[in-house]
Each structure stands twice: as C-alpha cells, then as structure tokens.
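Q: Before I ask anything, here is the structure I am working with.
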C-alpha cells in the first residue's frame, strides 16, 4: 500500500516518555478523508497506553483520539465532506461494518474495532492525533458545527460522547429530574453541562471539598455533595433519580446506590484499575439499576456534536504546546488539570525540538 510521510510524538517504551517521531500514513483512497490536525485532546486512555498499563501497547505508539482539524483531501467516493470542512475523529477509525452492532450504528461495540491508535490495520498499526495529519474512512469522520470551537470541541469526541451516550440510552434526560455526577474531571465536567442542557437538577458528588465552588460557580451545577462527609451523605439518601459515575479510582458503589430513589439508575463510565464490589441488597430493596456504557457510535456522536453546537457546550480546556506533552501527561496522572489538556498541534508541532 502506498504511504505518505508523517510526523508526530510517540512513546517508544513503557516509560511513557514521548518524543518526536517520523512515520508513514497510508495514502488517501476512494472512501478516505485526509485532515490536517489542528488540535488533539489528551485522554486518560493516552496515559494508560503510553505506559502499557493495560498490557497491549505496541511501541512506538503515537497517542491521541480526540482529533479536530480541517479536511485537506477527499477520495473520489466521498460525498459527505469537502476540502476546508471542520471535522473530527474520535476513538475508532474502522469496524467490521457487518455485525449486528455496526448495522445498528453502534460501531463502538463492534467485536472487531480498529482504534485510532495502537490497532493492527491493513498490514500496519494505527497512529493517533499527536501528529500532523491523518487519513480516515469517511464513515468515521465527524462534522463540527460552525459555532463549536475546534480546540474546546476536540475532547467531546471521547469525554463528551462517553457521558452523552449513557444519558440518552438509559433515559437520564427527563427535565426536572435529579442527576448526580460522581467525580469532577474530564468526563464529569461535561456531564454537568449535558445535564443542565437536558433540564435536570445537577448535584456534583465529590470527596474534594475544594471543588464545590468550581462545580457551582464555574460549571453551573445546582448543588455539591461532599462524599467524604457521612452526615451529608446520610442526609442525601434517596434524593436522586440518576447518577453517572465517572470516577476512575477504586471507590464504594453502596454509598452511591444509597443516594438513589426507588427505581433509580446508576451508570458507571469510569474505569478503575481494580474490580469494584457490587452490593446486591440495595439493588433489590430499591428496584435500582446499575449499568455501564462505552463511548457511542458514529451516528450518536454526530448527534452529540450537533447538540453541543445548539446548546453552546464545549469542554473547559488548558491549551498546551506539543513539546509540553510529557509535563501534561505527568499532571494528568495526578488529576492536575481543569478539565482537559488539548494540544495546539498545528501551531506547535513543526517547532518542536528534534
């Protein structure tokens, strides 16, 4: 297969340290869209992958699956996009397109996904958005609404859809209902914004008292519940209709279940490193539901982007240069970011030190 020279930053071993890296991309074919990458969000998955925390990283690896940019070339069969379009690429760049999941526009649940980076694909391996350009099948390219900024919109392609999809699927959108958002990070801060746009009462549940002002005054939550205060947790028993749990650290589910009303729903989207204990009694006694969710399919992700454009929803970001990525990864490991790092790829990659 013909290829084109590309440039980005890659991790070359499990130290997770990223450095400049020359590699090749496949050339644009009939169904492909080539985009110049302007911005790329920094996701927790990037951190886990560069350090091989999940045990399946193949080095060298260029991370990044929150990609926003401009179309520079389209293949002869491409009808949805044209040069100059503002577009994005999320977590996957291909799927089998034949299974039941793919036929239902749920490519994120396909048993044979091709991830945007670190996946075998057509005799090579995919590389992500910490780079100058990418070539993607048109089915896996998303259109940005004109009023949605590319830099603050990029994290929506993973963090945004990861909370939007379960809120829609599990019916956590009824105006006037009470939503608890457990954890205030990259996922949680977007969940607050979606909740308010759906007309919900939103309470942030966090063990960090210093996050109260940020949750209410900056992000627009209605209230704050300090989960490390037993008395406040007891007082909030049975007050919430839904909880979306974005916490990635090991934590108690029983305390969250106690906050739910009869028929309440707890949906987990965080990925703790160790299994959580599942308490059955409160599920049975309160006819409560606990569920999970992956990121959404392409149709739903486009719906989410359009929703964000309509309601002026974007991530709160800290824009960084490409050569600041190692510091950003270290800070991310300590949850030291409000609330998503985004790399200013187009304005900093070419000037990165070799």
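Placed from the backbone N, Cα and C atoms, the Cβ positions cover glycine too.
The shown structure was predicted, so the numbers you read here are calculated from the model rather than taken from an experiment.
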Q: Swiss-Prot has 43, 158 binding Zn(2+) 1. Which one of 17, 22, 65, 189 is in the same site?
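A: It is 65, as the record lists it for that site.
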Q: How long is the line from the C-alpha of residue 102 (Zn(2+) 2 binding site) to the C-alpha of residue 43 (Zn(2+) 1 binding site), rounded to the nearest angstrom?
A: 25
Q: Could you check what DSSP calls residue 110 (Zn(2+) 2 binding site) once collapsed to helix, strand or coil?
A: coil
Q: Measuring Cα to Cα, how many angstrom lie between residue 65 (Zn(2+) 1 binding site) and residue 110 (Zn(2+) 2 binding site)?
A: 17
Q: In sequence order, what residues of the same chain, 6+ apart, have a Cβ less than 8 Å from the Cβ of residue 158 (Zn(2+) 1 binding site)?
A: 41, 43, 45, 65, 66, 90, 91, 295
Q: Would you identify which of the binding-site residues 43, 96, 99, 102, 110 has the most other C-beta atoms lying within 10 angstroms of its C-beta?
A: 43
